[in-house]
Amino acid sequence: MEKKKNLEQDCIFRIVIIGYDYECGIKSLLKKFTLGEFSPFPESQVGVDFDIKTINVDNQDIKLQIWPQNKYFNDTSDKRDFLYKGAHGYLLVYGCHSQKSFDNLLNDWMVQIDKFSNEFSKRNLVLVCNNSETPETYMTKPNYLVDSNITKQWANSKNIPFFEINPKENFNVDEPFIQLARLIKNQNFINSTK
């Protein structure tokens with residue numbers, strides 16, 4: 001009973017957003033999710049930064065500490081350990097206009113997660129196709145360049161939830177975060193009852 005009671009107290013989950021390629025639109029996604037605002041040209045952040053937002057998942061308030069992946073995190077083992085070993089789960093984001101961003105998730109970031117993450121966080125992944133108008137895609141690339149059928153098949157083969165989002169239109173922006181928090185919460189409950 002004590003373990004269940006602890007779970008019902010305030011939960012703080014560290015979420016890492018992977019996909020630092022410029023065309024992924026992570027900054028636009030975060031600004032829309034945390035502040036409710038959209039900007040196709042958000043300001044660059046320098047240094048280590050994270051956002052916090054409290055959401056309700058299955059009648060429980062959960063505080064998300066959201067760390068956008070920074071390409072400089074992998075410079076040293078200390079930064080890498082902080083990113084991967086401290087995470088509860090990952091939002092894997094690629095830009096629908098950039099095949100390279102999806103390829104990098106498969107060929108680089110999934111390898112990094114598998115190699116450096118703890119066993120708990122490896123099970124908590126959500127794949128996100130971001131149709132975000134970044135400076136490269138704004139009014140220049142109106143169609144998807146990444147075949148969503150292929151990405152959906154890949155996600156299904158790994159048992160990873162898949163979402164298509166559009167921060168500009170406020171389409172599906174909250175859902176990937178809610179689903180990831182639910183995965184973490186359910187894994188946390190399963191682990192606490194063992």
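Heads up, the Cβ atoms here are built off N, Cα and C, so glycines get one too.
Per Swiss-Prot, the listed range annotated as motif 'Effector region' is 42-50 (candidates: 6-14, 42-50, 51-59, 141-149). It is GLY25 that, of the binding-site residues GLY25, PRO68, has its Cβ surrounded by the most other Cβ atoms within 10 Å. Neighbour density at the Cβ, taken as the number of other Cβ atoms within 10 Å, is lowest among the binding-site residues GLY19, ASN131 for ASN131.
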